[in-house]
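For 36-56, 482-500, the entry in TrEMBL reads transmembrane segment. Sequence annotations record features per position, and here TrEMBL assigns active site, proton acceptor to Glu189. Among the features that TrEMBL reports, ATP binding site is placed at Gly219, Ala220, Ser221, Ala222, Gln223. Marked as region 'Disordered' by TrEMBL: 293-312. Annotation comment: TrEMBL describes 301-312 as compositional bias 'Polar residues'.
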Amino acid sequence: MDPTARIPRRASSPPRFIFSRTPFSPLNPKQYHPNLRIFLSAASAISLFLYLALALNRINSPRFGIIIDAGSTGSRLHVYAYTISPETRLPVIDQASTSEMKVRPGLSSYSGDPAGAGASLLELLDFGKGKIPKDRWGDTEIRLMATAGLRMLDDGVREMILESCRRVLKSSGLRFLDDWASVISGSTEGVFAWVAANYALGMLGADPTETTGIIELGGASAQITFVTGEALPSEFLHVVKFGGNTYNLYSNSFLRLGQNAAHDTIQESLSLRGLKSSGEESTASRVYTDPCSPKGYSHSVPPTSASFPTAGSSSEHHSIAYARGNFSECKSAAVMLLQKEKDRCLYQQCHLGSNYVPNLQGKFLATENFFFTSKFFGLGPMPILSDFESAGRLFCEEDWKKLKSKYQTLDDEDFTRYCFSSAYIVALLHDSLGIAMTDKRLWYSNQVGSVHLDWALGAFIMKSMEQMGWRASIIHVNSPTLRGVIVLSSLLIFFAWLILRMRKPQLKTIYDLEKGHYIVTKVGR
């Protein structure tokens, strides 16, 4: 053997197996995809969580909404500033920032010029926008809801008036959709009023038996709404839910039984009766006795003066009323009107003409003209009906000149209205609805604390909650949905970390005898 030949040297000691935790960096791009999907899932979950957190902050920031109450005598705009309560999910209205403005006449007065109705809203819009920061106009919803005045018009005229209003509202810069200008039913108006009253009393979400009913005496119509345990015909049942409680409401509206409409109807009836009794159908004027005005007050009523057209108001005759100031006769005339067509009742009981009304249950708020009449006579917030009768009888039977001297700031028309109103209230609540003359469960007020009671407030509350819908339920701090999203996001992030950890290979370093160098290889699990 050649002595110079080199013999391979063997290592003095065999190579050790060296394990390393160094991450393995595979070159195959397909191995990136699972990790990428995991990271994307985690990132999406985190993004959703952040979005919800930002949305929660957004919904708790001050917001604004506008309701236009298009009533029979005028249109009133309400501006509401509010946040959303994290506990109840109800709007929390900032009463100090709430504003309103009314313009006359009502939209129904544009029946002869429907295209001009929209222009009557311009002053209201300027007022409303002036109460809202300009950068919030675009997300401030404005809704127009018309009541009894428009309900009494023909469908075609009513729609032309609404379309004129829609054109103006769409160009206002506020958020508006066409179906946000509409005529609401009288029963819906009653439900809104009930919501407003119980919101002000802090009873939304309370036990149904603890809520307060509401009786409204408007100009053209009257509304009654309350929770009842009686089984109701479907047309009168309205189901409302708040705070996990369900409220079965009776709600009905009585068109033409509002104070002004009833007054005009009775005056027309008295006028026709006087004309027939005199046998002077061909004369140019009617002379009749008016028991619903204070003694000594005589007035001429032109044929077009009635605010609310009645079945017999198409005559060309003028009417001359001689007041006799008789409370009992005035109340009798009111009872006759309220019980008209009772023989057509299709239900078990009809307290107002042919209209079904269940027995009144619980406490009630009596608003609008109920309140105005009580305030005028100085009866306070909780008078009994016998107080109305006593005050009304004295007022109606007092000499006109003495009343003028005592109430110098009142218009002549107000004198006849208050005489009539006192009698009408007793006829409506006692003789028709069955409330005892000494019953103390009625509270006469248009306000609870700092909250003005108005059906527009109830409409705003319900529409705000409808618009929040899914967003409100998911963003609520204590909602199961939001808690579920948080838990799901946390689980996604945890499982992403766990999978990445499990997929991270265990590596070892060994000496490859064939290749003559160290190599790194994965260790099977």
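If you go along the chain as it appears here, the first residue is 1 and each next one adds 1.
Including glycine, each Cβ sits where the backbone N, Cα and C put it.
The structure, with features from TrEMBL marked on it.
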residue : record                       : CB count, 10 Å
Glu189  : active site, proton acceptor : 27
Gly219  : ATP binding site             : 23
Ala220  : ATP binding site             : 29
Ser221  : ATP binding site             : 27
Ala222  : ATP binding site             : 29
Gln223  : ATP binding site             : 29
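Listed in chain order, the residues near the ATP site other than Gly219, Ala220, Ser221, Ala222, Gln223 are Ser72, Thr147, Ala148, Gly186, Glu216, Leu217, Gly218, Ser253, Phe254, Leu255, Leu257, Gly258, Gln259, Ala261, each with its Cβ within 8 Å of the site Cβ centroid.
In the three-state DSSP reading, Ser221 (ATP binding site) counts as strand.
Recorded residues Ala220 (ATP binding site) and Glu189 (active site, proton acceptor) have their alpha carbons 13 Å apart, per Cα-Cα distance. Cα of Ala222 (ATP binding site) to Cα of the residue listed as 'active site, proton acceptor': a distance of 10 Å. Following the DSSP three-state reduction, the secondary structure of Glu189 (active site, proton acceptor) is helix. Cα of Ser221 (ATP binding site) to Cα of the residue listed as 'active site, proton acceptor': a span of 11 Å.
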